[in-house]
Every structure is written in structure tokens, then in C-alpha cells.
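First the structure, in the form of C-alpha cells, and then the observations on it.
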């Protein structure tokens with residue numbers, strides 16, 4: 001197995017320019033593909049997840065012209081030209097879920113599949129929602145999970161669509177992005193949410209990006225969404241992908257643990273991503289944080305004893321960045337509790353179980369529940385722990401922070417960061433100092 005040894009490091013400082021946001025990149029690629037006109041996308045993330053989306057769009061007949069982190073997408077005016085395709089989408093939820101919805105109304109015969117873990121990640125609630133409007137979708141293996149076979153259906157909307165919101169916000173994102181292309185009797189389609197909607201900031205990203213392409217979604221709280229029906233997305237001409245706020249969390253934490261000053265560029269007050277809220281969580285833990293419209297800077301911890309304050313917080317709104325808090329909790333002066341993180345169970349791996357296992361390797365006492373994690377830091381971190389990453393990019397990036405505790409750490413399968421941030425470890429090493 002490949003591995004990477006890091007540290008021991010005693011400080012971290014400098015400036016890092018963030019790669020484009022994964023969540024925004026794949027949404028914008030699909031919206032541009034469905035729109036009328038050409039869209040020039042800049043600062044597009046180059047990663048495993050965006051590559052599978054680009055490959056799929058190409059197979060569906062979308063004209064793409066790439067040059068570095070810029071991509072010109074020629075829109076299809078709402079209908080993919082390829083009526084048959086076999087689409088491998090890796091472990092990219094941001095590709096599988098929205099593409100499934102778009103393909104379901106396209107009148108073709110498609111197969112959607114991915115890596116084995118993707119075939120363990122639920123999609124049944126989205127399929128149920130699409131079947132309510134006449135989509136023909138079959139499960140090839142296990143009910144409720146990919147791989148999927150999508151066939152031509154008789155698509156019509158004559159009642160509100162109901163979808164669960166408590167498993168993944170990507171189901172709602174997929175419906176919202178596709179439904180404007182479907183005609184409805186009164187010119188609008190209503191989507192109603194069963195249960196509590198998780199990861200609300202990701203829905204906000206979806207709605208804001210749809211607005212950039214000329215379609216406005218109305219919402220009544222977070223339980224009812226009204227989408228204009230039978231309309232066409234219009235290209236905004238140019239759109240820039242802002243930096244990835246989830247990726248920012250590792251560097252911001254490094255600035256707290258390693259003294260800083262450490263500045264990330266590409267996200268800030270003006271960001272549409274909820275994960276900029278990670279900076280607020282760090283402040284609650286005692287970090288010195290300042291922020292501009294497109295930058296955030298951390299300058300160590302505001303305590304003489306040099307430890308973070310423990311935190312007890314609901315992380316429903318920022319589940320991905322919450323993983324970084326779990327590792328930062330190793331550097332706190334007491335026990336931290338991360339609540340409302342049930343969505344971790346159905347991510348790239350079961351992140352609650354994986355995080356608990358690996359935190360224990362570095363000496364923490366960890367209690368895990370169905371939707372929470374309690375982390376009590378050790379007096380001293382265990383050196384030379386070999387961290388398993390479970391083919392999960394965020395596990396690898398989070399545990400790099402252990403090296404800032406003055407102990408070496410080994411990261412197994414470090415290349416898994418290719419999912420969202422192929423150059424992460426080079427960037428981290430440029431900022432961390434012995």
C-alpha cells in the first residue's frame with residue numbers, strides 16, 4: 001500500500017489559493033450543459049469527481065473545450081443528444097444524483113454506475129421522487145442503490161413531488177435542477193420535503209446557481225420549493241467557480257494549530273458555500289480568525305496555554321467541514337461533542353465509524369453514536385500512527401493535521417485526495433514547518 005509520512009511539525013503559516021469548489025464545479029457543469037448558449041467556466045476544479053462528470057457529459061453529446069482550469073460548455077438547450085450511454089461515475093455523489101434526474105427526463109436508455117462504495121450509497125429517495133413524475137428507473141442489483149438502468153418514461157407533473165430530506169440534500173438538488181425542464185399544467189412544480197432537510201447550505205448553493213442560469217426557485221422555509229416549469233436555462237456567458245470551502249477547513253485549522261498567520265484565498269464573506277461557517281466553529285474554539293470577501297486568515301489560538309477550547313455543536317449545516325473539527329478536537333483542553341452528523345454514515349465511507357477508529361489510534365477516547373461523536377483528547381498524541389483513509393479524501397486531509405502536534409503520522413493511500421484536491425499534500429507541506 002502507498003503511504004505518506006508527515007511531520008513532526010511545530011508551526012504552519014503562509015498563503016494558499018484554493019482549488020475550485022467541487023460542489024459548485026459539478027453543478028455548474030450540468031447547468032451549463034442543459035442551458036441555451038455557450039458558458040465559459042473558470043477556476044473549474046480538476047479532480048476525480050469533476051473528471052467523471054466531464055466524461056459523462058461528453059458521452060451524452062455535450063461539446064466541451066478545456067484549457068487548464070477553464071472549460072467552455074456548449075449547451076444542449078435542455079436535451080442530451082445521445083439517447084444511449086453507459087456512464088461510470090466513480091464515487092461522485094455530485095455527479096450520480098443530479099445526472100440521474102436529468103437522464104430520467106431525457107427519453108433515452110442509460111446505465112449509471114460507479115465504484116463498489118457508490119453502489120452502497122443510497123439513491124432510493126431520489127428514484128422514488130422521479131417515479132412520481134413517470135420516470136422509468138430500475139435497480140440492477142440492490143433496491144435503493146446504484147447501479148441504475150434508466151429508460152424512456154412518460155414524464156408529467158400533476159401533483160406536488162414528495163422527497164425525503166434527512167438522508168442527503170443531493171436528492172433535492174437533483175430534482176430542483178431538472179424540474180424546470182419538465183412541463184406542468186399551471187406552469188410550476190412543487191417539491192415538498194418529508195422530515196428535516198439536512199445540509200441546507202448545499203441547497204442554497206443549488207438555488208443560487210440556478211438563478212445565475214435564469215431560473216428562480218421560490219421556497220417556503222425549507223419544507224416547500226416551487227420551481228418554474230417548462231422553461232429553459234440561459235447561459236450567463238461566464239461564471240467563475242469560487243474556492244472550495246470544505247478544502248479551506250484543513251488550512252484554517254492548520255493556522256490555528258500551527259500558529260499562523262495562515263491565509264486561504266478564494267473564499268470569504270461573499271462565499272455562497274455554507275462551509276465557510278467552519279471559521280465560526282474555529283472561533284468558538286478560541287482561534288483568532290479574520291475574514292474579507294474572498295479570504296480568511298487564522299493566527300493561532302487566543303490562549304496562553306495554546307490549546308483550543310472544547311466545542312459542543314450541531315454540525316448539520318456543515319457536515320464535511322465538521323470532520324476537520326473532529327481532528328482539531330485532539331488539540332482541545334477538554335471533551336468535544338459533534339452532533340447531528342448522521343449523514344456521515346452514507347458518505348464516501350461510514351465517516352463516524354472511520355473517524356472514531358482513527359482518532360483512537362492517536363490516543364483519543366472516542367464515543368460514537370448513530371449521529372454524534374464525542375472526542376476526549378489524549379495528554380499526548382501517539383506518534384507514528386498509521387492512519388487508514390478508507391478511499392475517503394477527507395479522512396486523508398483531516399489527519400494530516402495530527403503532524404502539527406509535534407508527532408510524525410503516516411497517511412495510508414494518500415492518493416485518495418485526488419477525488420477533490422490532488423495537490424493537497426504538496427500545498428500542506430509548503431506551509432508546515434518543523
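Glycine is no exception: its Cβ is also placed from the backbone N, Cα and C atoms.
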Note = Listed alongside 22, 23, 27, 168, 169, 170, 320, 347 for 3-phosphoshikimate in Swiss-Prot, from 199, 290, 333, is 199
Request  = For residue 93 (phosphoenolpyruvate binding site), write down the residues of its own chain that are at least 6 apart in sequence and whose Cβ falls under 8 Å from its Cβ; none is a fine answer.
outcome  = 118, 121, 168, 170
Query = Hey, how far is residue 320 (active site, proton acceptor) from residue 394 (phosphoenolpyruvate binding site), Cα to Cα, in Å?
reply = 8
Key: Same-chain residues at least 6 apart in sequence whose Cβ lies under 8 Å from residue 351 (phosphoenolpyruvate binding site)   = 323, 341, 344, 345, 392, 394, 395
Query = What is the separation, in Å, between the Cα atoms of residue 27 (3-phosphoshikimate binding site) and residue 419 (phosphoenolpyruvate binding site)?
reply = 16
Remark   = By Cα geometry, the one of the binding-site residues (169, 199, 347) nearest residue 419 (phosphoenolpyruvate binding site) is 347
